[in-house]
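Asker: Attaching a single structure in structure tokens format; questions to follow.
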Amino acid sequence: MDASRRTECLPNTRTDILKFVVDWANDTRSAQNMLWIHGLAGSGKSALSTTIANIFRDSGRLGAFLFFDRDVTERSNPTMVIRTLVHQLGTSDPRIGATIRAAIERNPNIVISPLSRQFQKLVIEPVSEAEFIASTIVIVLDAIDECGGREALLSVLAQDLANFPLVIRTIITSRAEIDIRNAFESQHHILTYEIDITSPRNSGDISSYFRHRLTLIRAKRRHLPLNTDWPGNEVLHQLVQRASGLFVWASTASNFIDGHDPRKRLNIILSGDAASGAEAALDALYKTALESVGCWDDEDFVTDFQDILGTILLARVPLSSSAIDMLLSPPVDRPCMNTISLLGCLLQQSPTVRVLHPSFADFLTTKRRCGRDIWFLNQFKYHRSLAYQCIVRMDAVLRQNMCNMTLSPGGFTPKSLPEDISYACIFWIDHICAIQEDIIHIVNHLREFLFRHLLHWFEAMSILGRSRDTISCLNHLLDWISLVALVRDACRFAQLFVQLIEAHPLLVYMSALPFTPTNTTLYQMYHHLDMHPSISGGFRLTWSPLSLVLMGHTDDVISVAVSADNTRIFSASADGIIKVWNSITGANVEEIQLGHKVSSVAFSPDGHRIVSGSFDGTVRVWDALSGPRVLEMLGETVDLSPDGCRILSGSAGSSWAWDANTGVESMTTIQIYTGSATCVVFSPDGKKFASGSQDGTVRIWDAETNTAISPALQEHSCIVRSVKFSPDGKMLVSGSMDRTIRVWDAETSLQMSVLGGHQTYVNSVAFSPDGQRIISGSDDGTIRVWDVTTSTQLSELQGHEHGVQSVACSPDGRQIISGGAYGAVRIWDATSGTDGILPAQQCRNERVICIAFSPDGCRIVSCSFNSVIVWDVISGTALFQPLHRHSGWLRSVAFSRDGSSIMIKSFDETILYDTASGCRIYPRQLVNEYDNRFSHVIKINDDGWIVDLVTGRFFCRLPPMVTYSCYAVHETSVALWMKSGRLLVIRFPPGPALFASSDTRANIDGKE
């Protein structure tokens, strides 16, 4: 550590503190062998520590001088402290150096030991063993509050320093951070000294500092008419008062005054109101300095300021201005020095750029202190920016054999890479691991970089002589990725299971956790078979695209939409209610009672108005904020123009356009159908509208002239349920009860493609905001996503128990919202990849009417209308081909008491099968032997609670996405045949009742 550039106290200042320190150090009889000097940021601690170190260096008694710096990684890393301390102690005294060398020879791997052991073996023991140390040796550690991850270091200093010989005196300076105070104040061997910034002596020292600096400024400006006593005692007194005891205020103010016109700049400082308190005084000065730069109305300047200062503050080592330019790639006419040169009173400009005092960094990164958005620097944002810029620079330069070396057994001489590339290679992982917001974006860049340049990065680190650093860097990255995965799991867990967790706190463990995908970090970290229910084979492998289930409507959800700011979801139901939901939490934040059975709903672009069409032939306009009805018109199906000024409605073969503000009809009624209108929609520019009807036709109209643009589009063979324009208005998509989706050229009216795959009616279609995907919802209960360019299906979303009535896409394209029959509203992650669901069983397409356990609980038999299959409970696989197929319906199935045979009853016969071979056998006894009852009578209530009716024990509550057609019980296992065609076996751990019956009932009643 080079202390030659550090500032000392001026002569004849800080005399009281310096005398106190020297007297304490010389008193080797005192058991308090450590002195902690603490004070506010900017109170002069660093200059004081440098002066103290130089006093003892001049007398030959300085053992070590270490100073921490948050801007330099090597100077903020606690693991480097012991090595530097050992090196300096060994160099300062040959006797100590000899004992340290001996200690290293005895413990060659000591550098990988914990910090406390390193300190004991390399410092305490060697110093204690050194002979004939009679005079005082002083160790100075400055700014320990700038040490990152300092917990272990504080423990060593607070406890192990007590074992030093009394001739070794340690001085530590820092702010009085809470962890440092807690570590030091309770130790008997530590003496504390607080710098009093309010004392008259401190004010006198600051006055001396100002006299010194202003004299130098006057000497540099001999061409200006400045008096020999400029600026005078009165002004000097005002400056001292405004400094509020802080030397950093005096230093920064002097730097500011030392500009082109010192008199003008001095007046700027004195013209503002004096602040009360040290921090407020410093903040006011920083604001004055920044305001004087000007240019804050220039968006380019503000952007440059934020990008450059964000880089300077968060760079792990100080960078030159040229390296900052290479990382940020600013326009040629706006190099970073243009901005840096304006901030000379706050920044060191060469050889590297850095803030002159840490308090300025604190000011810019604390919104409360800087007070303006243009000055506030979000650390996470600029870590993300630096990570991205590092990856971009490495991507541009790294390649195989980038230094054109030749391979030889003699090794190689480490070479240098450009400063920005060296920085990027060494610190890109540090910046990535500091990111806590908007992680997905950087993860995508990280994936591309690792696929292309991982080996090139190893080469670059070897060139820089830092190959071993790659190990710790990658371990750091691995820890971050694991944490990211856990947080991502936690977000999905909170969304998907919010209703369960609201119902009872313990359902976190007994319902949500067992149904968490087994391949997730969260499940693997927290699920324990002996404590929590488990599902044979796991419920899912990865997260479902389903994010949230919104419950509350009592009838079909006819229409869903998302507000323009993506914060609210609107759902309109045939129950006559529009619900407004928080799009993040799924909370129902508002309800509007419409008073009529809704058939169609549209929402104004600003979300302030809602237009509803009804089966009673009326259209009503509502205030979405206050709820009251505003207007009433004619129609069943509705849409709002993009500007929110016109309402389009259709009914019984006619279409109307209305003024959305007055309700007055704005164009002549058009007769456009041979059957009733089923859907209408405006184009994005409002110049056209499209309609679909019961006769299966689609028409495109000029919204200004009310004339058809082309003949009816007649490819559909059944009722058209939904039509939508693409975001650019060039395409139109229609969905029909003929099970097809058709894409049309909105300009030529020609059919572009047909999308087929739904098993029954297509009720709703929508485009993604980028126009690249089409989303469709069907009565078959699925939502399908289609690629517009290739006309292929990208994904199928399953989760609605009944038909899907409406679909919409969020403005950012990241979510799909669906409304279904019987009140279901679901939110889906549109960015999800594979579904991750475990495969369904063989009889997925058949309705299973009953299932039964074998007596040992290892097998399950399922009975559908015309087949019986035996399943292995653990693996979920079929043990035989279907045992029985019959033209008549099967009524029941059961195992014999010994589990050796299965009895199948249909309406016309009873048959037995051997469970070992699957072969048919002759009937023997058909009553008592096949009585398949068990001692535990477990039931699933209508609200999804699984309860033992005998003991009153409540086991868990099924999540909303788990729907089943029948179930069976064996001891504390419950088998469910899900409507998706999958066998689900839930095993409960043995133990006492999880909930008291009455207690649970109370919680349920309180929530439902």
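The backbone N, Cα and C atoms fix where each Cβ goes, and this holds for glycine too.
Sequence annotations record features per position, and here TrEMBL assigns domain 'Nephrocystin 3-like N-terminal' to 23-175. Per TrEMBL, repeat 'WD' is recorded for 550-591, 598-632, 670-711, 713-754, 755-796, 797-833.
On this model, are these features tucked inside or out on the surface, and what's nearby?
Answerer: Summarised as a single figure, the pLDDT of the domain 'Nephrocystin 3-like N-terminal' (23-175) averages 87.
Residues 495, 498-499, 597-603, 605-607, 610, 612, 622, 624, 627, 805-812, 815, 817-827, 960 of the same chain sit 6 or more residues outside the repeat 'WD' (550-591) yet have a Cβ under 8 Å from a Cβ within it.
Under 8 Å from some Cβ of the repeat 'WD' (670-711) lie the Cβ atoms of residues 600, 635-643, 646, 648-657, 717-729, 732, 734, 736, 738, 742, 744, 746, 748-749, all in the same chain and six or more residues away from its ends.
Same-chain neighbours of the repeat 'WD' (713-754): 675, 678-685, 688, 690-694, 696-700, 760-767, 769-771, 774, 776, 778, 786, 788, 791, counting only residues six or more beyond its ends whose CB sits under 8 Å from a CB of the stretch.
Only residues 6 or more beyond the boundaries of the repeat 'WD' (797-833), in the same chain, are considered here, and those with a CB under 8 A from a CB of the stretch are 495, 543-562, 564-566, 569, 571, 573, 575, 579, 581, 583, 586, 760-761, 763-770, 773, 775-785, 961, 963, 979-980.
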